[in-house]
Amino acid sequence: MDKIEIRGGKRLTGEVRISGAKNAALPLLASSILVDGAMTFTNVPDLVDVRSIKMLLRDLGAGCEEGEGTVLIDGSGIHKIEAAYELVRKMRASILVLGPLVARFGHARVSLPGGCAIGARPVDMHLKGLKALGATITIENGYIEAKADRLKGNEIYFDIPTVTGTENLMMAATLAKGTTVLRNCAREPEITALANALNLMGARVTGAGTAVIRINGVDGLSPATIHVIPDRIEAGTFMVAAAATGGDVLVTGCEPENMGGIINKLRQTGALVEIIDHGVKVSGGKSILSTDIKTLPYPGFPTDMQAQFMVLMAISQGNSVIHETIFENRFMHVNELQRMGADISISGGNYAMVRGVNALSGAEVMASDLRASASLVIAGLVARGVTTIHRVYHIDRGYEALEKKFSALGADIKRVK
């Protein structure tokens, strides 16, 4: 099994270009199910999760052609309505095919999903929403089955904002009869990107990016060419790494307007952050200042950046409190950072008390999930000595060529068997 080996202490300098966003690409590719024709997607990242959803679409009968960063999905050949366990078990985002399948074909059978083990992340709100649109739902033998002659518009309220729930029901409602109003929606940029794509396909979606989304159903959608937006979490990861190593890095191909929570918090740590056209320049400050962090739904500080910022706080001057409000069980990286000398304690399950230390030391560590693995890479970059990260398949789920990009910035990092 692959490992990543890092010799720390190198200052990162240079320019890095950000890939397309995994969390945008997955729902966009799933939306191709809604169309009886060929969709073209550009700026698609080459990630394990993206490969998984392409494999799932192929299994349903869709045609799939790939080029450099480009994917063509032809939904005209879809003849299956079942997303099998073997294809769904590794990735929670597979649930995103449920809404499009039942909307277009009136029937869907999708295995309960897998993915990162960072909390329950139940699909209850997806199912309640589909029921409100007129689908009958049964769960049996580990599969969700949804049936409807044709979905009918309705008003749906989310108990808490849910990104995939908002996306799933927004896609389903595009082909429903009448108007659907989704309330207390998640507001992430990836949701806005999906709504924009659906509208290019002929849907009538308004309000994406706000708490209330309105969808006027149409009889059918048409093929379109869709560009995947940049990955704000990948951009944030490189920005934190630049600050942590005292480096000077230009992060290009990103959208700073979607990264306010990350940029503001990074500035509070003393880093110099300059916003340019389609990019951000980050320079490490004279010292790393401690700051408290509370994860929140967008536009607040993203939970997907919590682990990376914890490394920065671990080597800061002072103490900080990190409050995780989005997912339970998302401090699994703490034990590994402690192995490297970090002074961190957990309180109540969702608070981390971080006391800054002068330096971390290299160690053998184990990645537990996607963002935890990114935090261990940053820790390895700043640590004295050699850090070896095991179970790096987590990294490949959400970061495209991570070690190559860091190497180009001057890091001593390599993948080994």
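Every residue, even glycine, has its Cβ placed from backbone N, Cα and C.
Residues or ranges marked as active site, proton donor by Swiss-Prot: CYS116.
Secondary structure at LYS22 (phosphoenolpyruvate binding site), as computed by DSSP, is helix. Among the features that Swiss-Prot reports, phosphoenolpyruvate binding site is placed at LYS22, ASN23, with the record citing sequence analysis.
Here Swiss-Prot flags ARG92, ASP304, ILE326 as UDP-N-acetyl-alpha-D-glucosamine binding site, drawing on sequence analysis. Cβ environment of ILE326 (UDP-N-acetyl-alpha-D-glucosamine binding site): THR295, LEU296, PRO297, THR303 lie under 8 Å away, each six or more residues apart in the same chain.
According to Swiss-Prot, the feature 2-(S-cysteinyl)pyruvic acid O-phosphothioketal maps to CYS116, an assignment based on sequence analysis.
Reduced to three states, the DSSP call for ASP304 (UDP-N-acetyl-alpha-D-glucosamine binding site) is helix.
In this view, ASN23 (phosphoenolpyruvate binding site) is surrounded by 24 other Cβ atoms within 10 Å of its Cβ, with every protein chain counted. When the neighbouring Cβ atoms lying within 10 Å are counted for each of the binding-site residues (LYS22, ARG92), the highest count belongs to LYS22. DSSP classifies ARG92 (UDP-N-acetyl-alpha-D-glucosamine binding site) as helix under the three-state reduction.
In this structure the alpha carbons, written CA, of ASN23 (phosphoenolpyruvate binding site) and ARG92 (UDP-N-acetyl-alpha-D-glucosamine binding site) are 11 Å apart.
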